[in-house]
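The next block holds one structure in the form of structure tokens; read it before the comments.
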Amino acid sequence: MSPHEKNVARDVDTPAIIAAKPDVIAPANTKKVFIKTYGCQMNVYDSERMADVLAPIGYAPVDTPDHADLVILNTCHIREKAAEKVYSELGRIRKHKEQNKPDMKVAVAGCVAQAEGAEIMRRAPVVDMVLGPQTYHKLPEMIAKVHRSSGEVLETEFDTIEKFDQLPKHRSVKGFSAFLTVQEGCDKFCTFCVVPYTRGAEVSRNVQQIVDEARGLAAQGVREITLIGQNVNAYIAEGPDGTQWGLGQLIRHVALIGGIDRIRFTTSHPRDMDDELIRVIGEEPKLMPYLHLPIQSGSNKILRAMNRDHTYDHYKQLIAKIRTARPEIALSGDFIVGFPGETELDFEETMRCVEEIGYASSFSFKYSIRPGTPGASMHRQVDEDVKQDRLVRLQELLYTQQEAHNKSLIGKTLSVLVEGAGRKGGQLFGRSPYLTGTHFDGPENLIGQIVDVTITEAGRNSLVGVLAR
Ligand code: SAH
Ligand code: SF4
Ligand code: F3S
């Protein structure tokens, strides 16, 4: 993965598609694996870990399927479009296999694998292996089975703890910013969402394992760690002192690791935002002033129907507390328009919520019916053209706020983690504390360093600046 791509925000309604470590060149005598990643950060992390599992059995990652011996699609089931993309990709892979690489093996991993299981092999016979998100440590065994019997292999068991215990201790990373999974799964059962079914119940990794992994990343030059989980602030595990630690304490502990200068965490649920975490947001200088805290809708009626278990007022109070603790914090959110029963009035409450709160960045989606979720069988589904119209109106407001936030940074000096060369010669690219892509001129030896950049120009999606003296 090129350092540029690593933190690229998902396009609205278009999952990030990132090949695992594309610029690693496979030696001639090793086998080649092409991993294509769809969906959220959890999948990006899992793809890197699959590459780690495969390295000892001779697989090197490559950036195209052209000469790959093994292709893995790490899939996302969150919206219909995301899931359908997998089948069109499998169609292309089947053609490539038939025409050029008949001995190639094909695996489907991730959330579509968990949700659809053996159905995938029926619909796409090119698939040799289907493996759910908790089974990646079993990949070598599954590959061996496929080669032995030339039959199909299906693994969709849930055992998160075993997965983390069995994954290789060593992570091989490139770049200066890395994801680290600390929590998986979801017990919230929002009525629109597949995640509780594809990722299972909430499970937290133990503190020591996380700290060891973070130290290993620091030793490889990583400067910024994003602690990730489907409900990362539901993190709860026994700390070294024998008491139960929440995410706040975990962050304080990770902040002690030398070499790690920036910490982020995502995705949080308003329900799990406790006072200790808010204190840490206010006190921990290594924690970046950027918080992704989805609300989904500004209407209490819709929030109830979504089973979000919080009201708009509760959310607003939380934001007020967080802003008191850390006044410069930039907020990011997720929004769904056209949930069943959403009237024009409900939608206007979402617009009012955005106006009142103010977001520096956001992800907004049209409600997508997911089979098996309670939302799918609710009455008063909203027409597609109404959804589309509301999405356009909401995004217009959100993008205006995003641009205004970026413009408010002009003249300010921000710390930027330099991730690599920019597009133009002599230019560098990095990320601001607010995760904004920032371009400026500077020498290549600054790559991997955190430098001060004075912002001179701002667009909706990026900043331009000059090195501060
Ligand atoms: N655990 C995180 C992320 C969930 S998925 C959270 O609770 O925020 C990321 C986003 O996808 C969600 O926040 C929601 O806005 C969106 N999403 C989930 N299911 C959806 C669906 N069926 N239709 C449209 N958007 C959906
Ligand atoms: Fe999905 Fe809700 Fe869980 Fe987030 S909290 S993963 S939206 S069920
Ligand atoms: Fe998609 Fe699964 Fe993540 S459904 S958003 S890849 S948890």
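Cβ atoms are placed via backbone N, Cα and C, with glycine included.
Features reported for this protein in TrEMBL:
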type: BINDING; residues: Cys40, Cys76, Cys111; note: [4Fe-4S] cluster 1 binding site
type: BINDING; residues: Cys186, Cys190, Cys193; note: [4Fe-4S] cluster 2 binding site
type: DOMAIN; residues: 31-148; note: domain 'MTTase N-terminal'
type: DOMAIN; residues: 172-404; note: domain 'Radical SAM core'
type: DOMAIN; residues: 407-469; note: domain 'TRAM'
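The separation of Cys193 ([4Fe-4S] cluster 2 binding site) from Cys76 ([4Fe-4S] cluster 1 binding site), Cα to Cα, is 12 Å.
Within its own chain, Cys111 ([4Fe-4S] cluster 1 binding site) has Gly39, Asn43, Thr75, Cys76, His77, Ile78, Pro133, Val194, Val195, Thr198, Arg199 as residues 6 or more apart in sequence whose C-beta sits under 8 angstroms from its own. In the shown protein chains, 22 other C-beta atoms lie within 10 A of the C-beta of Cys193 ([4Fe-4S] cluster 2 binding site). Counting in whole angstrom, Cys40 ([4Fe-4S] cluster 1 binding site) lies 14 from Cys193 ([4Fe-4S] cluster 2 binding site) by their C-alpha atoms. Remark: secondary structure over the domain 'TRAM' (407-469) totals 4 helix, 34 strand, 25 coil, with classes taken from DSSP.
Using a 10 Å Cβ-Cβ cutoff, Cys190 ([4Fe-4S] cluster 2 binding site) registers 22 neighbours. Taking a Cβ distance under 6 Å to any atom of ligand 2 as the criterion, the binding-site residues Cys76, Cys111, Cys186, Cys190 reduce to Cys186, Cys190. Here the domain 'MTTase N-terminal' (31-148) has, by DSSP, the following mix of helix, strand and coil residues: 63 helix, 24 strand, 31 coil.
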